[in-house]
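Per Swiss-Prot, active site, S-palmitoyl cysteine intermediate is recorded for C159. Annotation source Swiss-Prot lists Zn(2+) 1 binding site at C131, C134, H144, C151. According to Swiss-Prot, the Zn(2+) 2 binding site annotation covers C145, C148, H158, C165. The domain 'DHHC' annotation in Swiss-Prot covers 129-179 and rests on sequence analysis. What Swiss-Prot lists as topological domain 'Cytoplasmic' is 1-20, 78-172, 235-338. Annotated topological domain 'Lumenal' per Swiss-Prot: 42-56, 194-210, in sequence order, evidence recorded as similarity to another entry. For 21-41, 57-77, 173-193, 211-234, the entry in Swiss-Prot reads transmembrane segment.
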Amino acid sequence: MLAGCRVALPRGLRCCQRVLSWVPVVIISLVVLWSYYAYVWELCLVTVTNPAEKAAYLLIFHTVFLLFIWTYWKAIFTPPKQPTKKFLLPYAEKERYDNEERPEAQKQIVAEFARKLPVYTRTGSGATRFCDTCQMVKPDRCHHCSVCGMCVLKMDHHCPWVNNCIGYSNYKFFLLFLAYAMLYCLYIGCTVFQYFILYWTDTLSNGRAKFHVLFLLFVALMFFISLMFLFGYHCWLVSLNRTTLEAFSTPVFQSGPDKNGFHLGIRRNLEQVFGKERKLWLIPVFTSLGDGFTYPMRMACESRNPLLAAENQWEDDLTDEESQAYCETSHITVHIEK
């Protein structure tokens, strides 16, 4: 894999940038640690008196907590996958590109090299997608992250709360992190609520525990509402096989822009992210389909076989292998006007 193609910055500035980028993660970690203390100690061990209730609360809480922490860890420390060297402009072409002053001639150099690569999406003007910073042709759905300083396969967005770029290699972990974070907040809110009422009405009077329990409910509710909207938005994206970037900027193919260019049907869209083994969908292990460089495309398939477009209106049961087989027979060529 390629090392990150980073813009040259003074060493001191880079160091400060790296340190500051961890601030949101530290904030979230401190809130989670406090919530663990408040729930386990102040609620379960101090406030709850029924032994059976206490044991049940602690058992379920730690199960949800471990899943939440596991997915958060994976979202933070799973590096985004980068394009391989075959997408990097070779030395000879790079020399020609750098020495050429005419933009049209530069586009022609890139287009000639890109004909050897499995790339089908284009810029808005129809040119080959090329990263000037990394000096490489961008694979489909790949974008350059200015924060990470590198091109990321199937880039969705850069998330400051995990200090990582979310893309092909870790999007499943990010979704599971949102889901288990919501479940964590929901479970805390549901189990704390009855004791919140008791403290609020002064039925219980433990001063220190009262503060933690009352504040715990407010924090859990606040995070749950925020996460609910974010998770719902990403569920919508997954159902359409889109990334956040593609939702804001429609992918462009040879025949033009198509916001549903990668839409394969809800079931197959889910499998693109979570894989075919449903027993592994809720576990933070990598199961996404493909290699990160090529993707089944509805537009490519339909342009090759127009009957497929009508057929898809009635049947949505093609396997990913069949869909990919259709797409692999379709090749898109860029024509540069002189």
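These residue numbers are counts, starting from 1, taken along the chain as shown.
Keep in mind that glycine also has a Cβ here, set from the backbone N, Cα and C atoms.
Secondary structure of the topological domain 'Lumenal' (194-210) per DSSP (helix as H, G, I; strand as E, B; remaining residues coil): 11 helix, 0 strand, 6 coil. Neighbour density around each Cβ, counted as other Cβ atoms within 10 Å, peaks among the recorded positions C131, C134, C151, C159 at C151.
Across the topological domain 'Cytoplasmic' (78-172), DSSP helix (H, G, I), strand (E, B) and coil residues number 26 helix, 19 strand, 50 coil. C134 (Zn(2+) 1 binding site) and C148 (Zn(2+) 2 binding site) have their C-alpha atoms 12 Å apart, to the nearest angstrom. Same-chain residues lying 6 or more positions outside the topological domain 'Lumenal' (42-56) and placing a CB less than 8 Å from one of its CB atoms are 191-192, 195, 204, 206, 208-209, 212-213, 216. Same-chain residues lying 6+ beyond the ends of the topological domain 'Lumenal' (194-210) with a Cβ under 8 Å from its Cβ atoms: 42-43, 46-48, 217.
Most Cβ neighbours within 10 Å among the binding-site residues C145, C148, C165: this distinction goes to C165.
Comparing Cα positions, C131 (Zn(2+) 1 binding site) lies closest to C145 out of the recorded positions C145, C148, H158, C159, C165. Contacts of H158 (Zn(2+) 2 binding site) defined by a Cβ separation under 8 A and a same-chain sequence distance of 6+ are given as C145, V147, C148, N164, C165, I166, in order along the sequence. Distance noted between the C-alpha atoms of C151 (Zn(2+) 1 binding site) and C159 (active site, S-palmitoyl cysteine intermediate) is 15 Å. If you take the C-beta of H144 (Zn(2+) 1 binding site) and look for same-chain residues 6 or more apart in sequence within under 8 angstroms, you find C131, T133, C134, K138, M150, C151, V152. For the topological domain 'Lumenal' (42-56), the DSSP counts in helix, strand and coil order read 12 helix, 0 strand, 3 coil.
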